[in-house]
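Below you'll find the structure, written out as structure tokens, and then a few comments.
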């Protein structure tokens, strides 16, 4: 097997193991730790810490440790969150949420940097287009990674299924489901008994073991980057002073392309937050019962995973603009349909259609936006991907922040507005790239970084 592809697979399966644990545990926080809103509070603190981490940690940590050890140590931060849940309290979950949040941005930035360098390195050796290889690598990664949603939900469903109870939902309660939901909790929401401690400890033990395996996989099998480009990256990272490195994330905002991509990046957080936080609650749980949430999210994860691989491969033929247009049309259609649809248990299949279409769209947002960052900002990947995590996390924080305050239809209108703004600003980025390309003499345009690569401030 080609070495770069082997490393891509090691990272992909490492993230699969890690996020099988974290993703499953995150979706259970509001149910397992409902006392005084501890679970929701821990998630809020987590994403706030992730924002702070995105502001300054990735360039510093990657500079000191390199991509491989940044990934391994950041994964350990995720494991602490699983350990904190063994004795869930304000004194365990909040500190471990902070630790996880601080490790999140370096983890994702190092992953994106590693995949981009690996793709560029292989393209140079094989004489292929770097952006096509990068898109393929991100496609492979997200194919494997997105399936973590399947395994995480499946594990929790199998272990906790003994405590699941079916609730008979009345027609009166169904009136409170859907876009114009009642803001008060109905009796069918989450009144099922909390699982026994033995079941919870079994689940947490499986999740913790999965995280430990992820760390061992990366430490043992992931190669250090030894290409000439990696050495150039290292030299570039070593050049700035501490404060220059500290502010690299913000200084990257001097690039107007980065500023124009902020709405699109935040939309990724908005749309994921809506599906996991609102669709599952006011549509699925409200009309069917909480026992169906895991199955619905498995449907989303399965479609997302398959489409990630598909779009990574076909992007070299269709181009990213066509894929972004497909995701926009699909998401818009879903939002409009959710505004009009009144969920009812007799329409069981419809509950799975929306997450399937949402998974298709999210596959585009994840693979193509990550690939776009890697291509546009090839010379400043760490700062660029730190901005990606920063703005996506802010989208999550805002979505979770108003989750319990607004009715679903208002959130859907907000989602649609952000989507429209995202496509306008993304179109501006494509226009700037096309305009610059036309103004660049033949043979001087850089394939990997775009025509602005040399000008992008750090």
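Even glycines carry a Cβ here, placed using N, Cα and C.
TrEMBL assigns the feature transmembrane segment to residues 323-341, out of the candidate ranges 247-265, 266-284, 323-341.
Counting C-beta pairs under 8 angstroms (sequence separation of 6 or more), the transmembrane segment (347-365) reaches the transmembrane segment (289-311) with 3 or more such pairs. Listed as Cβ neighbours of the transmembrane segment (39-57) (distance under 8 Å, sequence separation of 6 or more from its ends, same chain) are residues 26, 28-33, 81, 93-94, 97-106, 246-250, 386-387, 389-390, 393-394, 396-397, 400-401. Within the same chain, residues 7-8, 11, 15, 22, 41-43, 45-54, 57-58, 61-62, 67-68, 70-71, 73-78, 80-81, 83-84, 134, 137-138, 141, 225, 227, 229-230, 233, 370, 373-374, 378, 381-382, 385-386, 388-390, 393 sit at least 6 positions outside the transmembrane segment (94-117) and bring their C-beta atoms closer than 8 Å to a C-beta of that stretch.
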